[in-house]
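Just below is one structure, and these are the notes that go with it.
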Amino acid sequence: MNPYVEIIRPGNVIMAIIAVILVAILAKSVDIPIILAMLAVFFAMSAGNVINDYFDYKIDLINKPQRPIPSGRISLDNAKNYAYLLFILAAIVGFLISCLVDTWIPCTIVIFSDIILYLYAYKLKSTPLIGNLTVGFMTGLCFIFAGYTFNEGLIIYESYLLAFFALIMTTAREITKDIEDMEGDMAEGAKTFPILYGPKISAIIAISLIIIDCALCPLLYIYHIFNINYLIVVSIAVLIFLYGAVLLRNQDSKTANKVSKYLKTGMLIAFIAFAIGTFTITF
């Protein structure tokens, strides 16, 4: 894979774009502003991933030596300039969206996101729990951003509900990833939550968040946000989440890596459930 494509972490970026697509499905509408919203999310999230690798290159020499910067396929200067370009492109697209929908909220969200993504990579990531919550918050913000792109009350309300779900599960996954990366983080002197308070307490928090999200999933059906088809499909995601929670009783790096992948898979299935639950489909 081309290193400039690899460094943006296409899988993570696609997950963020899916958030925008899901809100479009909820609204049953696809127009120019929502297409631009996908583009803005692509640029902003890509920039965040690149600048994160820029600041993390020493840690990645231990944890992820195959990544573009530690492997020498992209220089530090090129990575930094690449990130800045992507941040600027995101802001430009955000400005265009605001002009089209006649509200400055989308542009404000994009600029705010650019700043938070940079601060996360520079400082917040190493702040215990705050860094994890920041990633969860940014994931949820993708839904809210899409909601304001439509600028309709009901869609905005529903986007906040989806954002809350994404915030909790993403935070759980980020804590799990910190458990996985403890060796490299300790070598670099990072003060992540698992390093300061231990992997066991960290796992308890992650498991608790997973259980909370699983308990909340039926509410989106009970309160008629989604139909019965959502409940059927999201049940699969819930089983995957709970299986990951059970595995996390063992906090070694290999298990944490496996759980992180399970949570990511479960979130993708949950997103599919959100989409299916919007339409009347007979299985």
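Residue numbering: from 1, along the chain as shown.
Heads up, the Cβ atoms here are built off N, Cα and C, so glycines get one too.
Database features (Swiss-Prot):
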TRANSMEM  5-27  transmembrane segment
TRANSMEM  37-57  transmembrane segment
TRANSMEM  85-105  transmembrane segment
TRANSMEM  128-148  transmembrane segment
TRANSMEM  152-172  transmembrane segment
TRANSMEM  203-223  transmembrane segment
TRANSMEM  228-248  transmembrane segment
TRANSMEM  263-283  transmembrane segment
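For the transmembrane segment (152-172), same-chain residues at least 6 beyond its ends with a Cβ under 8 Å from one of its own Cβ atoms are 19, 22-23, 26-27, 132-133, 135-137, 139-144, 146, 205-207, 209-210, 212-213, 216-217, 220, 225, 241, 263, 266-267, 270, 274. With a cut-off of 8 Å between Cβ atoms, the residues of this chain six or more beyond the transmembrane segment (203-223) that come close are 161, 164-165, 168-169, 171-173, 175-176, 179, 193, 230-231, 234, 237-238, 241-242, 244-245, 248-249, 251, 263, 270, 274, 277. With a cut-off of 8 Å between Cβ atoms, the residues of this chain six or more beyond the transmembrane segment (5-27) that come close are 34, 37-38, 41-42, 45-46, 49-50, 53, 67-69, 74, 79, 82, 86, 139, 142-143, 145-147, 149-150, 152, 155, 158-159, 162, 166, 264, 267-268, 271, 274-275, 278.
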